[in-house]
Structure formats: C-alpha cells, structure tokens
Amino acid sequence: MSYVDRKYRRSPKSTPLLPSKRVADGDGEFHQVGSFDVDGASFSGAVFNLSTTIVGAGIMALPETLKQLGMVPGLIFIVLAAMLTEKSVEIILRFSKASKATSYSGLACDAFGSAGRTLLQFCIVINNVGTLVVYMIIIGDVLSGSTSDGVHHSGVMEEWFGQYWWTRRSFVLLLTTLFVFAPLISFKRVDSLRYTSALSVALAVVFVVITAGIAIIKLINGSIGIPRLMPKLVDQASFWRLFTVVPVLVTAYICHHNVHPIENELKDSAQMKSIVRTSITLCTSVYLATSFFGFLLFGDQTMDDILSNFDGSLGIPYGLLLNDVVRVSYVVHLMLVFPIVFFSLRLNVDGLVFHHAIPIVYDNRRFFSITATLISFIFVGANCVPSIWDAFQFTGATATVSVGYIFPAAIALRDTHGIATKNDRLVSWVMILLAVSSSSVAICSDIYSSFISSRGVDT
C-alpha cells in the first residue's frame, strides 16, 4: 500500500450499484465510486484532451525559438523537447503503477512525503494560474485591442464595429467568462470536454494550414527568401540568450498535470502510454509545421508572439481577411484550451486546501465555490494586471520546468521501488541539469533585460 493510501478517508453517504468510476478526492487521489453511470473515455477522446493540454499559447512562441536558434537547430530542439517530455511522462506512468498512486501529487507524496506533494501541487497551481491569466489577456488583446508604449493595437471587434462600451476589454472578457468559460469549467469529468478539445486541435491545424499557404505563395512570388539556418551570435549576450528558449519549449509541451485525470477515466488504462505517444507526435507535427512556416514567412521580423505579425498587411490578396481568420480562430482555440487547464488547477487547489476531504465531485458547494473563486481571480488578474505576462516569464522558468522535468527526474532518481534503469537515471540527470541551468540563465537574462530597460527609461 502506498504512502498516500494509508489514511482512511470518508466515503460518500451512499454508493449505488452502478458501473464504478474513479474520482478525485482532496489529495488529487482517485478512488473507485459508483455514482457515475457513464462509459469510460475512448482512445480518441483522451488523445484530443491531452493534445489540447499541450497545444495552448506555446504554439505562438515557437517561431521565435527558430529566430533565436536558427532553422536547423530550432527544429532539432523541438524534437528533442518532445522526446524528453515523452520520457518524463513515461517515468510518471511507470512509477505511478509501481507505487499504486493514481495522481501526480500522490506519486510525489510516495517519493518525498507530504512536503513533496504540497510543493508539486503549489507548482502546478502557479503554472496553471499563470497560463490561464495569459490566455485571458491574449483573448482580450486580440478581440478588444491593447496599448503598449503609447501605441494602440486595434482588436478584431474594434476593427469590425468601432470603439463602443461593449467592445471594451473588460466587457468582452466578462461575456467570455460568463457564456464560454463558465459552462465549460462546470463539467466534473475531463472526458466531457473531448469534443471541444477535438475542435481546439482542429483550429490549431487551421492556423498551420493558413500560415503554410501564405508562406508558400510568397516564396513562389519571390517576396520572401530562405530564412537563417543557424543562430546569429554577435556578442556574449546573444549566446546566453539561446538558453532562454528551453523554458519556452518546456512550456509548449507541459501536460503532466492532466495525465492522471485523463488516464483514470479511460476504459482501458493500459492505453495511456500509446495515448501519450500519439498526442506528443501529433503536437510535435503541429509545432514543427508552425515553427517552420512561421519563421519562413516572417524571418528575423518574427515577434515573440507570432500572432502579432498578423496585425498588418501580409502583401497578398485577401490578406486582411486571412489576418482576421487567424486571430479569431486562435482566440476560439484558447477558449477551448482554457477548461482543460482549469480542470487540473481546480483539483490541485482543492488538494492544497481540503486535502482530507471527500472527493470534490460529491461536494457541489465546494466544487462550485472553488470554481467561482478561481475564475474570478483569473478574470481580475487579466483585467487589472495586463503586464502580468512579464511576471510569468519567471514562473515559466521555475514552476513549469519543475512540473515538466525536475519532479519526474527527481522521482526516478529517488526510486523508492527499485525500478529505475540506468537509462532512467541518465535521462533524469540530463533533465535536471538542463532545467536548472536554462532556468537560471533565463531568469538572469530577464532580470538583466528589465534592469537595462529601467535604466533606459530613467535616462
């Protein structure tokens, strides 16, 4: 019996004789119950849900990765990041089976005790809150516009209808929260989101197809050339800047917090390894195509968020229409990713605050109270602190790499059940060294850039 299962927990007042399903309690552990008369999740539904967890806002930052590293090293690093992610998830699944843990936090508790569980849950909460606030900020920027350095960038609704009170950022985000997010985050099973997840993945593919089409047209008519194949190193700062792409790559593939919730709803949990491989392969294909054609299209003018490159003329017929299609489809994509990330956020917040309580799905008051509190906090953050994107560059280099690399590697090195192989230990040390070194450099680089910017403003 694993450490996390040693405590007795209260059961629901009644357990009807229905097909049993596993639901999460306050610790994020899943237990057999009989109150859900539903079939298990399908292979395709699980693939779409895990793929949607992976393909979030990170897809738009990957062309910038190629700008920093060059075309060839950039594409290679995307593939290597996919391989490391698959290995880290495989470690989580294999060690969870050995410890009989049914959640990521339960596995951390088995390896490092309650302190490890709490630290992991805290990292997941920080990562997911930051991710969801950024999603909402991007949605507001695209639909209602944004202003930076005194320059206003018009949103889609402003361009279509003009500036009115109902096209303002706060009102648009309020409507989005009430009529899009609220219904989607009210589901108690992650498999209930399989259709919206499938649509989300399809919209990411639409973005790839449009970007590829524009790039090929402009390549044929000679308006763009072959992009830079290798990194451009002009000084020491440009060399250290190469390391800042690692947190971006880790963020682009982060899905570890939703692996167990998806696995525990499957008809056959033995399929999970194939589901992970299929999802990562699908997402890597989308990432490679997006990065290649995005960098091919915009070259050294590629911005940190490639969506910003679709704010002006593309130099082709129907360019403005394509700009709007790209931006609107991406906003809808983010709206559909939002509930998947929110699902694991709610579970881990519940685990931190009510870690000895009955499963949250049995307590409607607790379920909706936590849901309302979290969505309200995210809404306020997106409206009142739009510059929070800069702050979450630091969380991406700390909480995200901890969830994606450091915890899986540390669990394998801890090896409480004696199942780690030499390859596990070698890959684990690589993940830890890569995560710690790149995160340290990224944080120092961000601090240095902020310091230089502040000095520039002062002078």
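Keep in mind that glycine also has a Cβ here, set from the backbone N, Cα and C atoms.
When Cβ-Cβ distances below 8 Å are used as the criterion, the transmembrane segment (41-62) is approached by residues 78, 131, 134-135, 138, 190-191, 193-194, 196-198, 200-201, 204, 207, 248-249, 251-255, 257-259, 262-263, 265-267, 271-272, 274-276, 278-280, 282-283, 286-287, 290-291, 294, 304-307, 330, 333-334, 336-337, 340-341 of the same chain, each at least six residues removed from its ends. The transmembrane segment feature in TrEMBL is assigned to 41-62 (among others).
Taken from TrEMBL, the feature domain 'Amino acid transporter transmembrane' applies to 41-430.
Sequence annotations record features per position, and here TrEMBL assigns transmembrane segment to 68-85 (among others).
According to TrEMBL, the transmembrane segment annotation covers 119-139 (among others).
Taking Cβ pairs closer than 8 Å, the transmembrane segment (170-187) reaches residues 136, 139-140, 143-144, 157, 193, 196, 335-336, 338-339, 342-343, 346, 368, 371, 375, 379, 382-383 in its own chain, all 6 or more past its ends. If you look up TrEMBL, you'll see 170-187 (among others) marked as transmembrane segment.
Sequence annotations record features per position, and here TrEMBL assigns transmembrane segment to 199-217 (among others).
The transmembrane segment annotation in TrEMBL covers 237-255 (among others). Long-range contacts of the transmembrane segment (237-255) within the same chain: residues 50, 53-54, 58-59, 61-62, 64-65, 68-69, 74, 77-78, 81-82, 85, 89, 127, 231, 279-280, 283, 287, 393, 396-397, 400-401, 403-405, 434-435, 437-439, 441-442, 444-446, each at least 6 residues beyond the stretch ends and with a Cβ under 8 Å from a Cβ of the stretch.
Feature annotation from TrEMBL assigns transmembrane segment to 275-298 (among others). Beyond the transmembrane segment (275-298), the same-chain residues lying 6 or more positions past its ends with a Cβ under 8 Å from any Cβ of the stretch are 43, 46-47, 50-51, 54-55, 59, 62-63, 65-67, 71, 74-75, 78-79, 82, 85-86, 89-90, 93, 201, 204-205, 207-208, 211-212, 214-216, 218-219, 224, 226-227, 252-253, 255, 259, 262, 266, 306, 309.
The transmembrane segment annotation in TrEMBL covers 328-347 (among others). Within its own chain, the transmembrane segment (328-347) has Cβ neighbours under 8 Å at 24, 28, 49, 52-53, 55-57, 60, 103, 124-125, 128-129, 131-132, 135-136, 138-139, 142-143, 156, 176, 180-181, 184-185, 187, 190, 193, 196-197, 199-200, 203-204, 206-207, 257-258, 261, 307, 360, 367, 370-371, 374-375, counting only residues six or more beyond its boundaries.
What TrEMBL records for 367-388 (among others) is transmembrane segment.
Long-range neighbours of the transmembrane segment (394-414) within the same chain, counting only residues 6 or more positions beyond its ends whose Cβ lies under 8 Å from a Cβ of the stretch, are 84-85, 88-89, 91-92, 95, 104, 107-108, 111-112, 120, 122-124, 126-127, 130, 246-248, 250-251, 253-254, 256-257, 420, 424-425, 427-429, 431-432, 434-436, 438-439, 442-443, 446. Annotated transmembrane segment per TrEMBL: 394-414 (among others), in sequence order.
Annotation comment: TrEMBL describes 426-448 (among others) as transmembrane segment.
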Sequence-remote partners of the transmembrane segment (367-388) [C-beta within less than 8 Å, at least six residues beyond its ends]: 129-130, 132-134, 136-137, 140, 146, 169-170, 173-174, 177, 181-182, 185-186, 188, 342, 345-346, 349-350, 353, 360-361
